[in-house]
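Novice: First, the structure itself, so that you have it in front of you.
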């Protein structure tokens, strides 16, 4: 192609959001002691960490209340995961910046318009899934942040989230300041989560796109040229080099994303089960009178079509889409990498020298097993894993339902 394709351009909006939350220094540099470094430290410490810390600390005050724990912990788990995501992004910033350079190298460029058209469907689907994630997260944040307004509980100084603070939050202006702080905190943590999720999904999508380009190159490896032998050696060398760079690209992504994916799947399975349980639970309209259990909507009756009902539904949609996106693009890598032996067979290999046939046999043997995206070498990222997570979530939900029924029978 005459014009170089900019792979990084697809991530432009994601990178802008990561810059806003303090997770992407400018240029190809890592963090430095400058204005942006100070801004990042303030945002992460004050909002991403602070918002999570105050909610986590409050668990000490409601530890003996199982219903209160269930109504808080599944959100708190997600926020702790966001801290892990922020930490791993900062720790592996050098690797991420190198990946952004690698993906735009000449070896990863589409050779022609046909190859570019071949990868466009995956690019479009990634944009659609990113939009779905951001839409569901925005809806969740909106209903969480505005619940006291819709519930007409501003006068009683209820906050959107259950949290402990070293001062009274039921008086002005402490209440108003804390309310705004919680809104900023949930916006920063949500933006951190989805930015990292869409980044990892896009990087896996790039691997699938590179396998598409590689397979197309293999199919046209034996096309006739003026100097057949010399050109064939060069093409074969580039194909092997391209394949090795793809594997290296995947290894770098794994160093950054392994723990994120592992913890994400564990927390998502738990959160889906608890969220479904919360949606089907009618909580007593008279919550405990403790100061630490009054400032949240999680202890009210979940009324259909109410703001808290929509918040639960949006959150359930968000975490389901999150794990689906991971599994979908992990599945794409597995499917696209399995096409290499077929691409060799579809090429015009019959009339080639025996030496090249032997080399291609070795290359096929190397690619008999497709590349499978894994999390800490424990499980694969594919659609089968997605269904297993949903089944595990249903098991958590059924367990909680059974426990509640037994508790109800015991008290009657």
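Here the Cβ of each residue, glycine as well, is placed from N, Cα and C on the backbone.
Keep in mind that TrEMBL annotations are predicted by a computer and have not been checked by a curator.
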Novice: Write down the single range among 33-54, 99-120 that appears in TrEMBL as transmembrane segment.
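Specialist: The range carrying the transmembrane segment annotation in TrEMBL is 33-54.
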Novice: Given the ranges 225-245, 288-308, 309-329, 330-350, which one is assigned the annotation transmembrane segment in TrEMBL?
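Specialist: Going through 225-245, 288-308, 309-329, 330-350 one by one, TrEMBL flags 309-329 as transmembrane segment.
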Novice: Given 11-30, 131-150, which one carries TrEMBL's transmembrane segment label?
Specialist: 131-150
Novice: May I ask you to check whether the transmembrane segment (131-150) and the transmembrane segment (33-54) make contact, with contact taken as at least three Cβ pairs under 8 Å and only pairs 6 or more apart in sequence counted?
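Specialist: When sequence-distant Cβ pairs are counted, the transmembrane segment (33-54) does not touch the transmembrane segment (131-150), since fewer than 3 lie under 8 Å.
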